[in-house]
Amino acid sequence: MSLVITGASVLGEKTQDLYVDDAGLLVDEPPLGAEVLDADGLVALPGLVDLHTHLREPGREDAETILTGSRAAAVGGYTAVLAMANTSPATDTAEAALRVLDLGREAGLVDVQPVGAVTKGLAGEELAELGLMARSRAKVRVFSDDGKCVHDARVMRRALEYVKAFGGVVSQHAQDPSLAGPTACCHEGEVSGRLGLPGWPGIAEEVIVARDVMLARHTGSRVHIAHVSTAGSVEVVRWAKGQGIDVTAEVTPHHLLLTTDLLEGYDPTFKVNPPLRPGEDVEALRAALTDGTIDAVATDHAPHARHDKEHAFVDAAFGMIGLETALAVVRTAVPDLAWTDVARVMSSTPARIAGLTDHGSLEVGTPAHVVLVDPSASVTVDRADSVSLSRNNPWHGRSLTSRVVHTVHAGRVTVRDGALTS
Ligand SMILES: NC(=O)N[C@@H](CC(=O)O)C(=O)O
């Protein structure tokens, strides 16, 4: 079915109808007999691309499945998500990657692109089947042990050398385990001291970022820093880019808006890895996103079942959901970011980093992946409204600016007036 999207301001600039033919491609002539999607007063952006989503299938389908996570992604305006490898079992073989890809296709709401593990079982010791995953039909290009740091420098060096052969990238969860071990759960500082929570100091992230940009330089390979959370990491990335090192970085919506003091009530909803940081770090992250030092916003959507989250703070699982609210959080946290920049950090650059050539643009001839946003809406988040299976939603009760109204994936309307069409 062909489609005409009427009245939207494209990238927040001129108002222009968008035409989609019955193959789902953007075209420059209005197709005959097309369905009309009214987008009067809305902003049209290329469908969002998330570099960092936890979908929990296989292994923890009580927290999220590929289908429910795809639904949350579509509601959030996403048309592609990179599914992290820390499932159970991990995505560390070509077969496992293909299974994720195919379940994503079956769900049919967004493109689910598997991330491959860097090491077998995410154990940090032996490289996983990087080449087989890359050469498989899943064409894996992003590799990550996310949830765990590839902390052994020798293993990281080998991984960088290996992925270079097929234009891959290693997405590093930067956490030196000798400086921030498994119990570390609160930014190390005045608040952690007062609350008696094990500290997770910014330096534990920064030393790995510094080491890995040097390894990227040494190997001539490409490194991506997942969920950058400190001003010090921003400084290192800025320096490395200035040196011509092939490094990219992402920030999560929550690290752009939430701060350490939210932990005062010991509410495990706010327990996340890396931890929420003080206001100075948040300011530095916003500035770095605006000036391009940080390349992309990635959700780190990390759904958890109630029985894993509702514990004493130190025992609760790390993570918060975020696919459905990401765009509104970015608009709320960085309201001066132009729509063209929102498209850059949430769609075109993440698509480029992940090698997803079908995503990230509204050019004629490309698949019609489009999100239509009401820029002036203000929405109060209710965790009960979420289509994710999990309820660890840090935005509950908050008012956020802008709202995803419609999402179009490959020419098919997946979300209309904020609701899934199937
Ligand atoms: N970001 C999180 O807080 N949680 C992630 C993994 C992780 O990075 O610890 C998860 O998989 O739950």
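Heads up, the Cβ atoms here are built off N, Cα and C, so glycines get one too.
Per TrEMBL, the Zn(2+) 2 site holds H173, H227; the candidate it also names there, chosen from D146, D152, D261, D267, is D146. For the substrate site, TrEMBL records H54, L55, R56, N86, N273, F318, G319, and the single candidate of H254, H255, H304 listed with them is H304. Just one of D291, D295, D300 is listed by TrEMBL for the same Zn(2+) 1 site as H52, H54, D146, and that one is D300.
Of all the binding-site residues in the record (H52, H54, D146), the one with the smallest CA separation from H304 (substrate binding site) is H54. With a cut-off of 6 Å between Cβ and the nearest atom of ligand 1, the binding-site residues H52, L55, R56, H227, D300 reduce to D300. Each residue in the domain 'Dihydroorotase catalytic' (43-231) has a pLDDT score, and their mean in this model is 98. Around N86 (substrate binding site), taking its Cβ as the centre, 21 other Cβ atoms fall within 10 Å, counting all chains.
Note: the domain 'Amidohydrolase 3' (280-415) comprises 46 helix, 31 strand, 59 coil (DSSP; helix = H, G, I, strand = E, B). Distance from the CA of H173 (Zn(2+) 2 binding site) to the CA of L55 (substrate binding site) is 17 Å.
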